[in-house]
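**Q** Could you have a look at this structure, given as C-alpha cells, before my questions?
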C-alpha cells in the first residue's frame, strides 16, 4: 500500500508529503525491551503505516532503521515510500554540532537521508556527552542559542542532501516568525510538531501555520500514558470523555479512533505512539469513516487548553 497525496498524505511546501497517520517510536530505554521497536515498525509497515516519527534521544533509531531496511529488502516498500522524521536534540544547537548530530541519526538508521529533520525544542542545553546536563543541585544547565544560526546549519544539511525537508517542534508563533523572517532564509520550516488533541486543539497556532503553509504534526493525539515523570496526571483521561465515547458508538469506532479522525479531518498529521500490535492496527483503522460537521464542532468545543505533556525542563 503506497500512500500518496490522493489518499492519506499531506503535501509539504517543498514537494514532499507527510502521511496523515504516522507511528511515534518514542520508548523509554530503561523499560522498553530490546527489539520492541524493530518488530513494531515492521508490523506497522505491513499494516500500512509509512510515516515514522523518531529521534536520537529515543535510543532506538538503530532498530527503526533495521525494520525499514528489512521491509525494503523483502519488497514490501521502497525507500521513497517511507517518511522518516528525526530530531535535533537540545545539546546540538550550536551550528558546528548540527550536521554531526544528523549524521549520528543516519549512521544509526543506516540510511542515506531522512525525509524530515526537526528542531525538537526551541531551547538549548549545555553541549556535552550527556543529553540532560544538570548542575550539582539537579537543575538543568541551559545554553544560549541562536535559533537562526542553528537553522542555517540545518539548511546546509538539506543542501547537502542529508535531509529532504526541515521542520520544528514545540515552537510557538513568535519562534516560528523568528525563522520565517530570518534574512536570507533559504528553506522555510515545513512542519511544526506540537501536542494536539480534542482537549488541546491549538486553534490559533493551527491557523497561523495554515497561513504559512506549515503542516501541524500532532503528538499525543489520543492523550498519553499516565506516567507522572513527564505527564500531568491531574488531567482527566480524554478517552473516557462521554462525547468521544458516544460518537464512537455511532460509528462503531473507539474514542481513540474518533480523536485521531478528528485531527485528520482538520488537516493535522497524527503520530500516535504504540508498541502494542493490536493498537497499532486499531489506530490505522480511521480511513473508513468520517465525522459530520456537527460532530467536528462538538469535539472542537471539548477544548480545555490542557497539556498532557508538561515539559517541565
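Any Cβ shown, glycine's included, is placed from N, Cα and C.
As annotated in TrEMBL:
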DOMAIN    21-303  domain 'NADP-dependent oxidoreductase'
ACT_SITE  58  active site, proton donor
SITE      87  site 'Lowers pKa of active site Tyr'
BINDING   143  substrate binding site
**Q** Look at the recorded positions 87, 143 and tell me which residue has the greatest number of other C-beta atoms within 10 angstroms of its C-beta.
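**A** Result for the most crowded candidate: 87.
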**Q** Distance check, please: Cα of residue 87 (site 'Lowers pKa of active site Tyr') against Cα of residue 58 (active site, proton donor), rounded to an integer number of angstrom.
**A** 10
**Q** What same-chain residues, at least 6 away in sequence, bring their CB to under 8 Å of the CB of residue 58 (active site, proton donor)?
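**A** Non-local contacts for residue 58 (active site, proton donor): 25, 26, 27, 29.
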